[in-house]
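Features as listed in TrEMBL:
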type	residues	note
DOMAIN	A:54-216	domain 'AAA+ ATPase'
BINDING	A:Thr66, A:Gly67, A:Lys68, A:Ser69, A:Leu70, A:Tyr215, A:Arg227	ATP binding site
DOMAIN	A:309-394	domain 'Cdc6 C-terminal'
Amino acid sequence: MDAADDLFTREDPIFSNKELLEISHLPGEGRIVGRDDEIADLATAVNPAIFGQSPSNVLIYGKTGTGKSLCAKYVSKRLVSTASEEGVTATFAYVDCAQDTTETQAVQTIAEGVNDPDETGINVPDKGLSTSTYYKRLWRILDQRYDVVLILLDEIDKLDDDAILMQLSRAGEAGKITDCKLGVVGISNKIQYKDRMDERVKSSLCEREFVFPPYDANQLREIMQARADAFHDDVLEPSTIPRAAALAAREHGDARKAIDILRYAGEIAQANGEPTVREEFVTQARERAETDRFRELIRGSTPHSRYVLQALALLSLSNGRQDGFRTSRVYEIYENICRQEGSDSLSLRRVRDLLKEHAFLDIIEQSKHSGGSAEGSYTKHQLLEDPSVVKEVLTEDDAES
DNA sequence: GATCCACAGGAAGCATTGGTAA
DNA sequence: TTACCAATGCTTCCTGTGGATC
């Protein structure tokens, strides 16, 4: 019995409340740093909702880790509770469009999120229904249950098309819903997103637009300081947070990355049996954050999608620093890899699409070039990750599978 | 100005899988 | 059980691109 007890550590010597360092953690009031103006602007835009009126549709831009989703969720939560004090039934639905990329998946997520089958008697299955059926059920749920609903579409640029935006932004006008008012908050990392929107969607969805600037080193330090009670007292050495903030500020002011680095630094200290989180662990944590990010990006990708990346990594490793490799060159190496793996290679057309998918996930960068006679226009591809990290992760995954 | 030609990428279609509703 | 639907992963076909060359 005692031996079994020794197997586990009853008390964590480093973390007192690790939840504070989770990406999904929504900080309470006073813990959101450097976003007072943005929160106030957002609240003004959706303010009519607390009286049961239509909130403005909003589009929020900003790079990764600038607090867009955090502020949108925070304002939505506050809106729901304030509306309730005014006797208005409100809610919000959150859709991660990176997960739900198609119109059907997104509508299903919204409908499921706002539904209570016991109350409405409406069932919203995960899949199997036509898109129009999901819409019909969603409209019925909204009219039955709510006066106002705010729909947060995170990473809206990852949606396949604008169809859902058209439906949501015009649901009231089109008479799809009669008792419920709808507001849409679109969140995008890409400022150019608006350019490719349908004109009709643009006019109704972009009533208000906000741009979230990246955090500077001081703000990042404050953000991390605000979550420092994730650790026990005196565990964080004084130089740890400033060092992590400086590193993250250098990399585009990404708060998410900064918090990741802090968490990893704590885990490294824990794994080494150290009583404190030292500055040197921050550097190691940064490397681990990079590898983990890449591992997360390629998780679940098909073997051929990996072979394409492997081809690019091999080219990068054997040719040193170049401004990228042409599709035809990547395809040649990819075909060799397929032969080694004893697998039939996919068509060049398909490989072009796979490369484009990797570029979309910011794993590689594509650049357009023009040759001359008999060269035409072509694309060059370059890994954004360290090629040796790519090779290592792909090899270790192959070994596992 | 016409031609060259490797390459990019849109469109259409096919096979398969995995689900719901009646 | 059957009809229907969405999603995925792929191929084939075809048109457009663009700087050098004739």
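From the backbone N, Cα and C atoms, a Cβ is placed for every residue, glycine too.
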Local Cβ density at A:Thr66 (ATP binding site) - other Cβ atoms counted within 10 Å: 25
Packing count at A:Lys68 (ATP binding site) (other Cβ atoms within 10 Å of its Cβ): 26
Counts by DSSP class (helix H/G/I, strand E/B, coil) across the domain 'Cdc6 C-terminal' (A:309-394): 47 helix, 16 strand, 23 coil
Count of other CB atoms lying within 10 Å of the CB belonging to A:Arg227 (ATP binding site): 22
Annotated ATP contacts A:Thr66, A:Gly67, A:Lys68, A:Ser69, A:Leu70, A:Tyr215, A:Arg227, maximal Cα-Cα distance (Å, integer): 18
Average model confidence [pLDDT] within the domain 'Cdc6 C-terminal' (A:309-394): 85
